Amino acid sequence: MASITRQAYAEMFGPTVGDRLRLADTALVIEIEKDHTIYGEEVKFGGGKVIRDGMGQSQRMAADCADTVITNAVIIDHWGIVKADIAIKNGLIAGIGKAGNPDMQPGVTIVIGPGTEIIAGEGMIVTAGGIDTHIHFICPQQIDEALTSGVTTMIGGGTGPATGTFATTVTPGPWHMERMLQAVDGYPMNIGLLGKGNASQAAPLREQIAAGAIGLKLHEDWGSTPAAIDCCLGVADETDTQVAIHTDTLNEGGFVEATVAAFKGRTIHTYHTEGAGGGHAPDIIKVCGEANVLPSSTNPTRPYTVNTLDEHLDMLMVCHHLDASIAEDIAFAESRIRRETIAAEDVLHDLGAFSMISSDSQAMGRVGEVVLRTWQTAHKMKVQRGSLPGDNARHDNFRVKRYVAKYTINPARTHGIAHVVGSVEVGKLADLVLWRPAFFGVKPSLILKGGSIASAAMGDPNASIPTPQPVHYRPMFAGQGSGVAAASLTFVSQAAQQAGVADRYGLRKRTVAVENCRSVSKRDMVHNDWQPDISVDPETYQVVADGQLLTCEPATELPMAQRYFLF
């Protein structure tokens, strides 16, 4: 039998079972768990290669073939780290397996035909498009920035650079909801908007859900009182929508116990649950142990570094309209920034108690760094805490699955969109991101929206080949013309979908209703479902979880940083 060295095989067809990859310049290493391709029957495109007429390409009609095949890719997702060919059909993931010509090859599960396009995935990593659930829609340019970082779904609120939007992720009222849904209709990004949840009467909240909001946002700047919390969650239960909350930093309406009591066991997504981004000082972090609380972080505290505290004070003054000349405003800012709880947040992520990571875009967060800071946190914890149970000296597969879930499947489940996005699984929208391993988490090579390429690192358009400098991100065809509407989704409430808001507003994108928002709980947070009993010392701010002190040192140096951004 003919043989080939492992190195030569990896160079030709990409890594296979037992091969390992380093992620960017981190300390994280993955090992391929399974290879769905067949040795000796791999497909590859190019001169003298396999995918040619009568060889790896069949004669079958387009209806029986994939529209696009990504060949020999390494998939990283919450369910596994595998090598496979990926089929895309009608904008959806149609297969994960072995591609080729079933008339010539054994074991083919994905048919390549004359109507099939090929994307070479050899040596590449494929992940699901990221989901950022904490967006202040302050400027539309955020969408391009997020897309080129590997994010394909944005959830939040706002109306542009209005004072309310600078501070809160809220698109308030039916009129603003209609205008914003119309505005985002032209962008290659899946988008869902949150209405204002701060009201003590239900009617103003119901009308926002009916207008298209996929959920409601409670924010302390609008008054996150127990009465508002109770009312908002009641409307959410009626309409099967999610509630996100930024709790009461100053403890004016009650302490954290009063807020938890107002939840009444109902599901809620707690933003920046550590507290630097806002929330009951100093112990909002305790809520991550509640079964009905779905806790997330925003990325400025990810991970804890020697610069974290200083930059937060300046950010806070701007984002929450505070005045440095007013002593009470300074005290408010300083009460939110605590090194002890930020350090504990790192550890709680590594142990799976914090379930999600998001941005807080332009409002104490960086919209293009959700993916990057997730992996920086994973690296820091690997270096400081060693391997997790389930991992070993060869690989960090479990830790990688835990962290990728924080910006893919878990936010999708939280906001009722996991039936269409959030993972690399058959039947879901083909929102896929391709990475060279050396640039993983930092700079993707291709971003697919609904099976079409929406953005890519592209060279000089006037060059004779695609690679000459300057190479930078450029919009591709899925972000142009009518292709935008075909490749992306607008998420709305079930009530809005039934009322036909898409036609009423003149939307071109397909609208999809959120579902199962009220039945989701902490136990549904994949690899991130730990519910510790947490206490915070009111004087030292030390965090103890199930009797264990949680702390770590700030990082003085991180991977995925300067060496990737010289130009």
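From the backbone N, Cα and C atoms, a Cβ is placed for every residue, glycine too.
From a predicted model like this one, the values you see are computed outputs, not experimental measurements.
For H320, the entry in Swiss-Prot reads active site, proton donor, with the evidence type sequence analysis. Residues or ranges marked as Ni(2+) 1 binding site by Swiss-Prot on the basis of sequence analysis: H134, H136, K217, D360. Sequence annotations record features per position, and here Swiss-Prot assigns Ni(2+) 2 binding site to K217, H246, H272. Annotation comment: Swiss-Prot describes H219 as substrate binding site, evidence class sequence analysis. Among the features that Swiss-Prot reports, domain 'Urease' is placed at 129-567. Per Swiss-Prot, the feature N6-carboxylysine maps to K217; the stated evidence is sequence analysis.
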Additional residues around Ni(2+) 1, ordered along the sequence, whose Cβ is within 8 Å of the centroid of H134, H136, K217, D360:
I135, G156, G157, T168, T169, A244, H246, Y271, T298, S358, S359, S361, A363, G365
Output field, Ni(2+) 2 shell: CB within 8 Å of site CB centroid, site K217, H246, H272 dropped:
H134, T168, T169, L218, H219, A244, I245, T247, T270, Y271, G277, G278, G279
Could you round the CA separation between H134 (Ni(2+) 1 binding site) and H246 (Ni(2+) 2 binding site) to a whole angstrom and send it over?
11
In the structure shown, which of the binding-site residues H134, K217, H219 has the fewest Cβ neighbours within 10 Å?
H219
Hey, which of the binding-site residues H136, H246, H272, D360 is the loneliest by Cβ count within 10 Å?
H246
For H136 (Ni(2+) 1 binding site) and the residue listed as 'substrate binding site', determine the Cα separation and express it in whole Å.
12
Would you mind giving the whole-number mean pLDDT across the domain 'Urease' (129-567)?
96
Distance between H246 (Ni(2+) 2 binding site) and H219 (substrate binding site) at the Cα atoms, whole Å?
5
What's the CA-CA gap between D360 (Ni(2+) 1 binding site) and H272 (Ni(2+) 2 binding site) in angstrom, rounded?
9
What is the interatomic distance between the Cα atoms of H219 (substrate binding site) and H272 (Ni(2+) 2 binding site), given in whole Å?
12
Can you tell me the three-state DSSP label for H136 (Ni(2+) 1 binding site)?
strand
Express the distance between the Cα positions of K217 (Ni(2+) 1 binding site) and H272 (Ni(2+) 2 binding site) as a whole number of Å.
13
